[in-house]
Amino acid sequence: MDQFIKQDETGDLIETGMNVANHFLSAPIQGTNSLSKATIIPGVAPVLIGNPEQKNIQYPTTSHQGSKSKGRGSGARPIIVSSSEGGTGGTQVPEPLFAQTGQGGIVTTVYQDPTIQPTGSYRSVELAKIGKERMINRFVEKPRTSTPVTEFKRGGPGAAAQGQTIQEEGIDGNGASAGSKERSGSLSGATPYAHLSLPQQDSTPANVGIAPQSAISANEIMDLLRGMDARLQHLEQKVDKVLAQGSMVTQIKNELSTVKTTLATIEGMMATVKIMDPGNPTGVPVDELRRSFSDHVTIVSGPGDVSFSSGEEPTLYLDELARPVPKPRPAKQPKPQPVKDLAGRKVMITKMITDCVANPQMKQVFEQRLAKASTEDALNDIKRDIIRSAI
């Protein structure tokens, strides 16, 4: 079934209903006996009996509605009924079709033109027309001129909760709101992060951006400041340690300069020694230099002083290779080896025979060998045999 009703069908239904209402409203009222007390709308009975009301009648329901009606009293718009009939003006005629509005118990009144005195039949027809127009206006929704303004609350609900707006019916007017107490939804005390909201089709579009991130709370800021203070103190301690090492670095530099000076002095002294003693020529082995310093025959030819050889024997001898050489030098006699004191060694070996040799026969043999030994090698052989026998 189609849920949408066309505007033409709606107009036909309203027209049929208004024709029925005009038929019953056009009939003259015979008296108060034709209406019971339960069927009369409050505020309309004096009009029906010929005593119109002079003031607006209000029926406050609760204290809350009464407070609202004070601030919204300007929302009840009177209706001016024009007529060609003459009479006494200034009479207020209440609207019987819409006597109660449902907001604060306000009775809507109809003000007549001051120069016109309405009659029963004319009043019924005019009120029926006005009721028809109001009923049509109720079925046809007018476009909104502005979006509903919601009260801004710091730390209110999130974006999902903000999207659900409760619209209350009321009169056209502004009133003071007592507000509501709710727990803050944000610990930082700022507006929570909200996504980009799409413009509504039935309202005036406006450029809306993304709300900024939530502000950092005071506790978080203090924690950050304390952390930065601790890091700064730690950094200051490190800087103090670095400055304390500065004196040591200066001392190391001075010692390094002293070492460089000493090294330069040593290099200068070595250069001086090289100048005084150039050393071996490059590429000449030491053996060849030593052979050049050995004795060899020197032949002197021509006139000269021969006194250096006059005292020597002028005889030449031939060596094993038949080479003429002067008198051969006598062979070197080997130096006699100094006689070592063997008495101490013999005492030591005698003690070893007594302690290490258990066999009496072996002891006797070692003692005889020790008595005959006269050299160091013989004593070493005896000592070696004693150690082997003991093992």
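Quick reminder: no glycine exception, Cβ is built from N, Cα and C everywhere.
Per Swiss-Prot, these features apply:
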MOD_RES   Thr10  phosphothreonine
MOD_RES   Thr16  phosphothreonine
COMPBIAS  55-65  compositional bias 'Polar residues'
REGION    55-90  region 'Disordered'
MOD_RES   Ser69  phosphoserine
MOD_RES   Thr91  phosphothreonine
REGION    145-208  region 'Disordered'
MOD_RES   Thr150  phosphothreonine
MOD_RES   Thr165  phosphothreonine
REGION    216-279  region 'Multimerization'
COILED    218-245  coiled coil
MOD_RES   Thr250  phosphothreonine
MOD_RES   Ser292  phosphoserine
MOD_RES   Ser294  phosphoserine
MOD_RES   Thr298  phosphothreonine
REGION    343-391  region 'Interaction with the nucleoprotein'
MOD_RES   Ser374  phosphoserine
MOD_RES   Thr375  phosphothreonine
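A helical conformation is recorded for Thr16 (phosphothreonine) in the three-state DSSP classification.
Looking at Thr10 (phosphothreonine) and Thr250 (phosphothreonine), their Cα atoms lie 104 Å from each other.
Across the region 'Multimerization' (216-279), DSSP classifies residues as 59 helix, 0 strand, 5 coil. Each residue contributes its Cα atom, and for Thr250 (phosphothreonine) and Thr16 (phosphothreonine) these two points are 113 Å apart. The most crowded of the modified residues listed here (Thr10, Thr16, Thr250, Ser374) is Thr10, judged by how many other CB atoms sit within 10 Å of its own CB. DSSP assigns Thr10 (phosphothreonine) to a helix in the three-state reduction. The Cβ of Thr375 (phosphothreonine) lies under 8 Å from the Cβ of Leu342, each of which sits 6+ residues away along the same chain. Geometry remark: Thr16 (phosphothreonine) versus Ser374 (phosphoserine), CA distance 168 Å. In this model, the region 'Interaction with the nucleoprotein' (343-391) carries an average pLDDT of 86. DSSP places the residues of the region 'Interaction with the nucleoprotein' (343-391) in helix, strand and coil in these numbers: 42 helix, 0 strand, 7 coil.
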